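Listed features, source Swiss-Prot:
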- 4-87: domain 'PTS EIIB type-1' (DOMAIN)
- Cys26: active site, phosphocysteine intermediate (ACT_SITE)
- 107-461: domain 'PTS EIIC type-1' (DOMAIN)
- 112-132: transmembrane segment (TRANSMEM)
- 148-168: transmembrane segment (TRANSMEM)
- 178-198: transmembrane segment (TRANSMEM)
- 208-228: transmembrane segment (TRANSMEM)
- 248-268: transmembrane segment (TRANSMEM)
- 289-309: transmembrane segment (TRANSMEM)
- 329-349: transmembrane segment (TRANSMEM)
- 359-379: transmembrane segment (TRANSMEM)
- 387-407: transmembrane segment (TRANSMEM)
- 430-450: transmembrane segment (TRANSMEM)
Amino acid sequence: MDYKETAKRLIELLGGKENIISAAHCATRLRLVMKDESKIDQAQVEELDGVKGAFSSSGQYQIIFGTGLVNKVFDAFSKEADIEREEHVNHQDAAKEKLNPAARFAKTLSNIFVPIIPAIVASGLLMGLLGMINAFHWMSKDSALLQLLDMFSSAAFIFLPILIGVSASKEFGSNPYLGAVIGGIMIHPNLLNPWGLAEATPDYMHLFGFDIALLGYQGTVIPVLLAVYVMSKVEKWTRKVVPHAVDLLVTPFVTVIVTGFVAFIAIGPLGRALGSGITVALTYVYDHAGFVAGLIFGGTYSLIVLTGVHHSFHAIEAGLIADIGKNYLLPIWSMANVAQGGAGLAVFFMAKKAKTKEIALPAAFSAFLGITEPVIFGVNLRYRKPFIAAMIGGALGGAYVVFTHVAANAYGLTGIPMIAIAAPFGFSNLIHYLIGMAIAAVSAFIAAFVMKINEDEERKK
């Protein structure tokens, strides 16, 4: 594949360089913010060598190339389109300008939590390894290696406010190191750590007529999000009114001291209550709606993926882990993803065209590994009926994992990789997860076969 020629041809089909505002890429997709999407030749873009699908979502025109390939295409594309790498930082802002307030809020949460996923995944996998070591008695509990693994596995969750502080500061346009400081203040060693001391009673201090609990915010999400948002406003306002000559001295000082007081007096307790309220509400629905909740969430999750809003769920999942120590939403999302793979596999066996088969098989296996965009946009949504079949499979699998109370100890992994973060909750939890995967994939496969596909009738552009 000639990446340079592909990039040149792609630019032509997109309406020329002048129609491209900014470009970036994720693990599988080239993400573009366009001036006028009506100038794009959608049909020809999808026929381009290496393209597995193209669609418009979340204020961006997204072209699926797949893992590895997208990096090489992007390098050639950015050169041919005269897009400087420095402009990539502004890509998210350019995309968000085209969204409505609700979508913009979801996009903001996504931008904050997606960069943190590797840290959470690493901790979750380490917890899985730790759980297996304890379950099978591979090491003595007094082993130095076991104690180190325990520290490694809990670090990301204990210091989560610092990670969020850095990421949220970047998203809100403030200094990420000040964000890290605010996150650090909220988990200071002088504060009682609720992560490991859930039953302990914190001391109180009296300040400005308020009783402030000396309780840390380790593992919390909403308190630090709100605190860093306020910090960004304080920093920007201070920078506007402070003379440039003393900006470096005054702005950080005012920002940290004002945000710190506000965080402990108001934002922290409010954020903790809000986060606990969300957890209680979700747990109530989970406990009382039972498998019906799994049926609905599992069936509709793929529709949510189409909007890009699904990344904002990471904030809720992180809150669940902090509050109750487990994530019962992720297994439901995983069923929806696996079902997309099952439907995509059915398309591979039903398809007559070589290009369809060429796209469907790797895209289906990608979904089994947790990356669904190629199979959703490149295969199932293109022929519509397989997408509906996947929704059916996701609903059935989701109902099963809720009925059997399957949970995970992290977020960000679905499909086969999620086995590692489901295992720590015991053999039964793991077996039910595998059964749920089988139900989702097989039912989606069968439903897609029953519905059939017409390769000459693709989704409407």
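Note: Cβ is positioned from N, Cα and C throughout, glycine not excepted.
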Legend entry - Surrounding residues of the transmembrane segment (248-268) on its own chain - C-beta under 8 Å, 6+ positions past either end: 175, 178, 181-182, 185-186, 207-208, 210, 212, 217, 223, 226-227, 230-231, 234-235, 238-239, 242
Inset, instruction - Among 148-168, 359-379, 387-407, point out the range having the most Cβ pairs under 8 angstroms from the transmembrane segment (289-309). - result: 387-407
Inset, instruction - Determine which residues of the chain contact the transmembrane segment (208-228) at the Cβ level, with the cut-off under 8 Å and only residues 6 or more beyond its ends counted. - result: 112, 157-161, 164-165, 168-169, 172, 174, 179, 182-183, 186-188, 190-195, 202, 259, 262-265, 267-272, 274-275, 278, 315, 318-319, 321-322
Legend entry - Number of helical, extended and coil residues in the domain 'PTS EIIB type-1' (4-87), per DSSP: 37 helix, 22 strand, 25 coil
Legend entry - Average model confidence [pLDDT] within the domain 'PTS EIIC type-1' (107-461): 85
